[in-house]
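Participant: Okay, here's the structure, questions in a sec.
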Amino acid sequence: MPRVKAAQAGRQGPAKRRLAEHFAAGEIITDMNKKEWKLGSPIGQGGFGCIYLADMNSSKSVGNDAPCVVKVEPSDNGPLFTELKFYQRAAKPEQIQKWIRTHKLKYLGVPKYWGSGLHDKNGKSYRFMIIDRFGSDLQKIYEANAKRFSRKTVLQLSLRILDILEYIHEHEYVHGDIKASNLLLSYKNPDQVYLVDYGLAYRYCPEGTHKEYKEDPKRCHDGTVEFTSIDAHNGVAPSRRGDLEILGYCMIQWLSGHLPWEDNLKDPNYVRDSKIRYRENIASLMDKCFPEKNKPDEIAKYMETVKLLDYVEKPLYQKLRDILLQGLKAIGSKDDGKLDLTVVENGSLKAKPVAKKRKKEAEESVESSVEDMECSDKQTEEATQTRSKTRKRVQK
């Protein structure tokens with residue numbers, strides 16, 4: 001699902017970035033707090049950086065079961081810098097643990113930031129950041145599962161994503177690019193999901209002062225076009241209501257298998273106009289996406305609630321969770337923390353069974369796809385084009 005590229009007609013793309021050279025397994029790097037980390041095998045390379053397995057330095061080599069990864073890029077590049085600012089401000093382990101404790105959560109799907117710094121090699125400087133290791137992304141599982149998730153799975157995922165969004169919003173940031181490929185399963189617990197890729201994260205409320213609503217034609221359609229908010233289509237900086245709107249579109253796609261505007265994603269104005277039209281008539285959106293019986297009324301109610309939010313208004317997150325919890329109750333289920341990612345049904349709507357081979361591929365990807373965190377050249381280059389523009393507006 002490509003993002004809208006920053007380089008529109010008449011505008012130049014980002015300057016070409018230097019690539020990070022490969023580091024040998026066993027190389028030691030020291031973060032800003034003087035903690036030493038040992039690199040393991042490389043598990044991915046993007047257009048500007050590399051990702052390695054990593055663990056705290058010891059006499060042992062870093063095995064394939066390493067708990068962390070390190071992202072490395074030349075220090076004069078920018079994509080990792082923008083993401084690093086979010087992690088330093090909002091993702092320290094003690095911050096996350098305090099939130100989990102005070103909000104009585106079982107976990108919070110925000111990657112923990114373990115350290116960062118600069119590392120010199122062969123006369124060149126490299127920036128690095130250490131975060132948790134993860135498993136497969138939801139997009140791979142969604143596609144392997146006939147492009148359907150069960151109603152229970154969609155509601156369970158969305159409840160956990162609401163927990164994540166409430167946390168990052170309370171820490172002055174919005175994500176701006178929620179989608180299945182940015183949602184990774186825990187490396188060891190397939191019932192835990194984490195929101196990653198904060199390259200579009202925007203500090204919407206620095207020092208408690210919310211940014212003003214302002215349309216900027218140069219920033220129209222930021223994000224991933226099929227999911228991005230109407231505000232983003234209009235060139236407005238991301239806000240809390242935008243994140244919640246994006247989640248609504250994700251829920252509809254995960255459950256129905258499609259969004260009404262997916263037939264013309266090359267025309268972002270068409271996508272924007274379709275979203276505006278359906279926002280005015282949520283019932284027609286539900287009829288379009290769910291022509292069968294057993295429509296998910298909770299998703300319609302969620303969308304109706306979100307569309308009433310003002311740009312600077314603080315959402316009532318628990319109200320939104322309660323709406324989704326009612327949806328679980330309506331199908332005879334409850335919030336048991338189980339994602340059930342292999343079940344595919346929606347009332348009377350049932351997808352074709354997933355072939356055993358495809359199921360096996362999805363299961364194997366859980367163990368081996370840490371590279372989903374920006375590792376393919378194509379994904380990284382697309383992200384870079386958007387981030388080159390976004391980087392200028394992220395608060396330093």
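Placement of Cβ uses the backbone N, Cα and C atoms for every residue, glycine included.
According to Swiss-Prot, the protein carries these features:
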- ASP177: active site, proton acceptor (ACT_SITE)
- ILE43, GLY44, GLN45, GLY46, GLY47, PHE48, GLY49, CYS50, ILE51, LYS71: ATP binding site (BINDING)
- 364-374: compositional bias 'Acidic residues' (COMPBIAS)
- LYS71: SUMO2 cross-link (CROSSLNK)
- 37-317: domain 'Protein kinase' (DOMAIN)
- SER376: phosphoserine (MOD_RES)
- 352-396: region 'Disordered' (REGION)
- 387-393: region 'Required for interaction with the nucleosome' (REGION)
Participant: Around the C-beta of GLY49 (ATP binding site), how many further C-beta atoms are within 10 angstroms, looking at every protein chain?
Facilitator: 25
Participant: How many whole Å apart are the CA atoms of ASP177 (active site, proton acceptor) and ILE51 (ATP binding site)?
Facilitator: 21
Participant: Which one is it: of the binding-site residues ILE43, GLY49, ILE51, whose Cα lies the shortest distance from the Cα of LYS71 (SUMO2 cross-link)?
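Facilitator: Going through ILE43, GLY49, ILE51 one by one, the Cα closest to that of LYS71 (SUMO2 cross-link) is ILE51.
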Participant: Counting Cβ neighbours within 10 Å across all chains shown, tell me which of the recorded positions ILE43, ASP177 comes out on top.
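Facilitator: Result of the Cβ crowding comparison: ASP177.
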Participant: Tell me, roughly as an integer, the mean pLDDT over the region 'Required for interaction with the nucleosome' (387-393).
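Facilitator: Here the mean pLDDT over the region 'Required for interaction with the nucleosome' (387-393) amounts to 41.
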